[in-house]
C-alpha cells in the first residue's frame, strides 16, 4: 500500500508542476507529463510501484469515462445542426480519411495486420480536446473568427470526432478479439451500437427528468452520473463474459448518449455538474498522461521510429485534405481554411486513453499501436498548439461588432 501511495503522489505532484510550468510557456503540459511518465516508468528509473501499474488500465478507463461525460454534458446537437453542413462533415470526414490512409499504409510500413492497422488508424484519428478546446474558447471570448463561427465549428467537430473514432476503435477491437470470426460475429457491431444508444437514452431520460424535479446538491448528481457510468462498464463486462456470437454491448456509447440525453432534457441544470467533472478531469488528466508514458517501451520505439513517423505524417496529410474539403462550399477564405486545418491536427487525450487497449487485449503484442499513439502525441500536441497560437491573429478576422 505504501508503494501505491508513494506512486500516486509521485504521479500527481510532479506531473501537475511540470504541466503547469509548460502551459505557462504555451506548450501543452500533457507532453511533459508523458515524458515524465517515461522517465519514472519501468523502462527507465522504475519508480512506479507494480500495484499502480497493474491498476493503470482501470484508471485510464475511468479517465475515458470522464472525457465522454464532459463531452456529453456539453454537446449541443441543435447548435451543431444550425451551424451547417461543414460542422457535420468535420465530425467524421477528417477522421475517416485518416483511418483509411493509416490502415493501408500501416499494414505495409509497420508489418501489422489490416485489423491492427485499422485500430491504429482509429487511435490516431482523434483530435485532442485538451489542446483545441481552451484555444477555441479563447477565440470565442475575444470574438476572433466568430463572425463565420470558425471556433464553434472546430469545437463541435472535435467533440463528435472523438466519439466517432472511439466507437470505431471498439468495433475493430471486437473483430480483432473474436476467437471464431464469422459473418454472424459482424452482428456484434450494430448490436453494440443499438444497445449502447438505447440504454443511454433510457437512463438519460429518467435521470434528466429526476434532476428537473429533485432539488439537491450538485455532488449528489455528480455521484449518481458517475455511478451509473461505472455500472454501464460493469454491464459490458457481464455481457462480454457470456461471449455471445452475435450480440455485444458498448458501455462507452451508453456513457456518451446518457450524458447527451441529460443535457437535452435538463439543459439549464447541467452547468454545475459539468464544472465538477471539469475539476475532476484536472486530476485524472495528470494520472492518464503520466501512466501512458510509463507504458512506452523504448526498444519498440527505437526499432520502428521512422516507420511510425511516416505513418503519422501520411495520416495527417489525408486528414488535412479532408478538413479542407469540409469547407469547400462555404464563405471561408483560404487563410481561414488553413487555420481550420491546423486546429484539427493535435492529438493527445483519446490516444492516451485507448492507445494501450489493444495491447491489454492481446492484439498489439509488440506495442506498435501504443508506441505510435504516444509518438503522435509528443509530435503533434506541442507543434500544432504552437502553430495555432502564432497563426490565429494572421489567419482569422476579429468580429468588431461583438467586441
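The backbone N, Cα and C atoms fix where each Cβ goes, and this holds for glycine too.
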* To do: Have a look at 153-177, 328-352 and point to the one annotated transmembrane segment in TrEMBL.
  => 153-177
* Asked: Taking residues 6+ outside the transmembrane segment (189-207), which of them lie with a CB under 8 Å of any CB in it?
  -> 167, 170-171, 174-175, 224-225, 228, 232, 235, 246-262, 264-265
* **Maximum Cβ pairs under 8 Å to the transmembrane segment (370-392) - stretch from the list 30-47, 87-108, 246-265, 277-294** => 30-47
* Structure fact -> Under 8 Å Cβ-Cβ from the transmembrane segment (219-240), and at least six residues away from its ends along the same chain, one finds 61, 65, 69, 199-200, 203, 207, 211, 247-251, 254-255, 258-259, 262, 273, 276-277, 280
* Asked: the transmembrane segment (6-23): which same-chain residues, six or more beyond its ends, come within Cβ distance under 8 Å?
  -> 29-33, 36-37, 40, 47-49, 51-52, 283, 285-287, 289-291
* Decide whether the stretches the transmembrane segment (306-327) and the transmembrane segment (30-47) have at least 3 CB pairs under 8 angstroms, with pairs required to be 6 or more apart in sequence. => no
